[in-house]
Amino acid sequence: MKLFRFSGGIHPEGRKHATTDKPIQKMPMPHRLYVPLQQHVGAPAEPQVKVGEHVLKGQLLAHSQGMISAPVHSPTSGIIVEIGDFTAPHPSGLPVRTIIIESDGEDRWMTDLHPAEDPLRMPPDEVAARVGMAGIVGMGGATFPASVKLKQSLKNKVHTFIVNGSECEPYLTCDDRLMQERAEQLIDGTRIVLHAAQVAQAYIAVEDNKPAAIEALTKACRHITTIKVVAVPSLYPMGSAQHLIKTVTGQEVPADGRSSDIGLLVHNVGTVYAIHRALRHGEPLISRVITVGGGAVTEPINVEVPIGALVSDVLAFCGGLKQSPARLLVGGPMMGQILPTTATPVVKGTNGIVALTAEEITQEQTMPCIRCGSCVTACPCGLLPLQMAAFSKAGNFDKVDELGLVDCISCGSCSYVCPSHIPLVHYFNYAKGELLARELQKHKAQEHRRLVDQRKERLDREIAAKAAAAAKRKADAEKKKKVVTEA
Ligand code: SF4
Ligand code: SF4
């Protein structure tokens, strides 16, 4: 099959050896689980349960709200002990509304799980609805509700489904292990998605540095003509949907568009596996496979973790930390986010916990730009990182915006290759934050003006109504006076 090359990209050291050959383990249920109501793009879920209530494993805890949202379910059986704010797995450490469950130790499933009799014979929109009810979101990190994507694909008459098995982040091997160990289930999930979105063909795109996964998937789909396994080059950021699309089809997603606009649907392997579990077993998304890696971890592993387990509990299951990490990340070192504390839960979009030692991170002194152009060559989005960084540094965010900041996927390729060790991607993330804050400010000001105008209109209407009433009273009085005079 002909493949296409995107511009830029880098080959960071994989550092996957510590976990790539380790089978997926299952973590025992922690005593407490912390399930945030906002684990997805869109509106937060609305609680359905009360403090003190006993819940069963898989029971709905909070339902979705509006068009873009996802429900959350209980990862085990136990008692709801609190519904309140708890630290989010985000560098800001800001709290989000969270349901806290104390496990009863029985891990008892609800009895009315309803697997589909035959998902491949169900009406497609019903399959999408079940994916929505199971709370499945993009598990590669995007966390966009999967059912919304399926419905959009059906509406836009998508012709090709790409399963993203390109795990290009260093240290992470959870998708690789999932593809090796649960290939049959992944192929089944792929067939269910093909049916739900009424798509004719699927490509499972796996980087060529994962031969065991390619072999397992190829074997599992050998009799299915609509699914092909494609080995794509190991080039970072191949895991980005737009770069995978370019590689497999040669097509580019429009800057302000979606993949469905060009007839394509992309789901991560974790999402496809969750769809298989939801339709074949009636299970909502209450656990996921993650990699725990980095030199500071005693025993790096791949592990299936209940959603809501604390990072500290997961690390304890891996034998704890050998040393205090120089950097603790959720996700990989290229695009992952720094965790301010281990007292934060694993959520649906968490694909790894990486605890790095000082030796594993570059802490070279930042030097002035020598205008070598390496960052421009490395950028997979065709941007000019050196100029964007210079304008960000000067606080000229309009200019950064003009240079295409919106297209920057924060992949960190530019920072990785910079010989002067300039933390370019940090400048871009900062500029994105500034522009977002400015946009919010603008929105707030517009909203304020709208309310002021509305109030003024109301006051004007009231004054006019009062004046009209006074005029009418005067006219009535004069009329009455005239009648009396004439009489
Ligand atoms: S890679 Fe670094 S030193 Fe080279 S042009 Fe870009 S910012 Fe300057
Ligand atoms: S972080 Fe942004 S500017 Fe830098 S290489 Fe990636 S996409 Fe390009």
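Backbone N, Cα and C define each Cβ position, glycine as well.
Following the DSSP three-state reduction, the secondary structure of CYS369 ([4Fe-4S] cluster 1 binding site) is coil. Within its own chain, CYS369 ([4Fe-4S] cluster 1 binding site) has LEU386, ALA389, ALA390, SER420, ILE422 as residues 6 or more apart in sequence whose C-beta sits under 8 angstroms from its own. Taken from TrEMBL, the feature [4Fe-4S] cluster 1 binding site applies to CYS369, CYS372, CYS375, CYS418.
Same-chain residues at least 6 positions away in sequence with a Cβ under 8 Å from that of CYS414 ([4Fe-4S] cluster 2 binding site) are, in sequence order, CYS375, ALA378, CYS379, PRO385, LEU424, VAL425. Per TrEMBL, the feature [4Fe-4S] cluster 2 binding site maps to CYS379, CYS408, CYS411, CYS414.
If you look up TrEMBL, you'll see 359-389 (among others) marked as domain '4Fe-4S ferredoxin-type'. When pLDDT values are averaged over the domain '4Fe-4S ferredoxin-type' (359-389), the model yields 94.
Residues 8-10, 12, 236-237, 240, 242, 255, 334-335, 362, 364-370, 372, 374-375, 377-389, 434-435, 438 of the same chain lie 6+ residues outside the domain '4Fe-4S ferredoxin-type' (396-428) yet bring a C-beta within less than 8 angstroms of a C-beta in it. Taken from TrEMBL, the feature domain '4Fe-4S ferredoxin-type' covers 396-428 (among others).
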Go through the binding-site residues CYS379, CYS408, CYS411 and pull out the ones with a Cβ less than 6 angstroms from some atom of ligand 1.
none
Other than CYS379, CYS408, CYS411, CYS414 themselves, what residues in this chain have Cβ atoms within 8 Å of the centroid of the [4Fe-4S] cluster 2 site's Cβ atoms?
GLY8, CYS375, ALA378, PRO380, CYS381, LEU383, PRO385, ILE409, SER410, GLY412, SER413, LEU424, VAL425, PHE428
Do you know which of the binding-site residues CYS369, CYS372, CYS379, CYS418 end up with C-beta under 6 Å from ligand 2?
CYS379
Rounded to the nearest angstrom, how far is the Cα of CYS408 ([4Fe-4S] cluster 2 binding site) from the Cα of CYS372 ([4Fe-4S] cluster 1 binding site)?
20
Hey, for the [4Fe-4S] cluster 1 site built from CYS369, CYS372, CYS375, CYS418, who else sits with CB inside 8 A of the CB center?
ILE370, ARG371, GLY373, SER374, PRO385, LEU386, CYS414, VAL417, PRO419, SER420, ILE422, LEU424
Pairwise Cα distance for CYS411 ([4Fe-4S] cluster 2 binding site)/CYS418 ([4Fe-4S] cluster 1 binding site) [Å, integer]:
14
Give me the CA-CA distance between CYS408 ([4Fe-4S] cluster 2 binding site) and CYS418 ([4Fe-4S] cluster 1 binding site), in Å, as a whole number.
17
